[in-house]
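Here is the structure we will look at.
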Ligand code: DQA
């Protein structure tokens, strides 16, 4: 059984570390990638870590995960609040989806309070900083280990 997890990051997350550090912290996306790789190793998972600023590219990657990956961990960035297309792609993947947000979106502007993704996610990590990615991967491992 596959233990490969697509960890997908949406728009502007390539700017992590320099972008609004008071909200998102000083860690870079490379630091997050390294954290995911360490966590994956501890839990015998394989991580495919990706980021795109282009919605169509992200949708293609989600499609390609279907039947190949065990789960998708996604920080959809602003697509969270705008994209039915990302939600539909996640549904089409037929994979367990874990939604991650570095910041607590519910403590921010009201337009960030609604997520198109949460309704198709098995879990949402929100406000844990970059540690949310580690928690999400640990939960994927838990799900796979307890799969009947
Ligand atoms: C984010 C929250 C979103 O509202 C925002 O558009 C992002 C990052 C987060 O990780 O906290 O780009 O997903």
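Every residue, even glycine, has its Cβ placed from backbone N, Cα and C.
Residues 75, 81, 88, 102, 103 are recorded by TrEMBL as substrate binders, and the candidate that the same record lists for that site, out of 66, 112, is 112. Taking a C-beta cut-off of under 8 Å and a sequence gap of six or more, residue 19 (site 'Transition state stabilizer') has these contacts in its own chain: 12. Rounded to a whole value, the Cα-Cα separation of residue 103 (substrate binding site) and residue 24 (active site, proton acceptor) is 6 Å.
Within 10 Å of the Cα of residue 24 (active site, proton acceptor), the following binding-site residues from the list 75, 81, 88, 102, 112 place their own Cα: 102.
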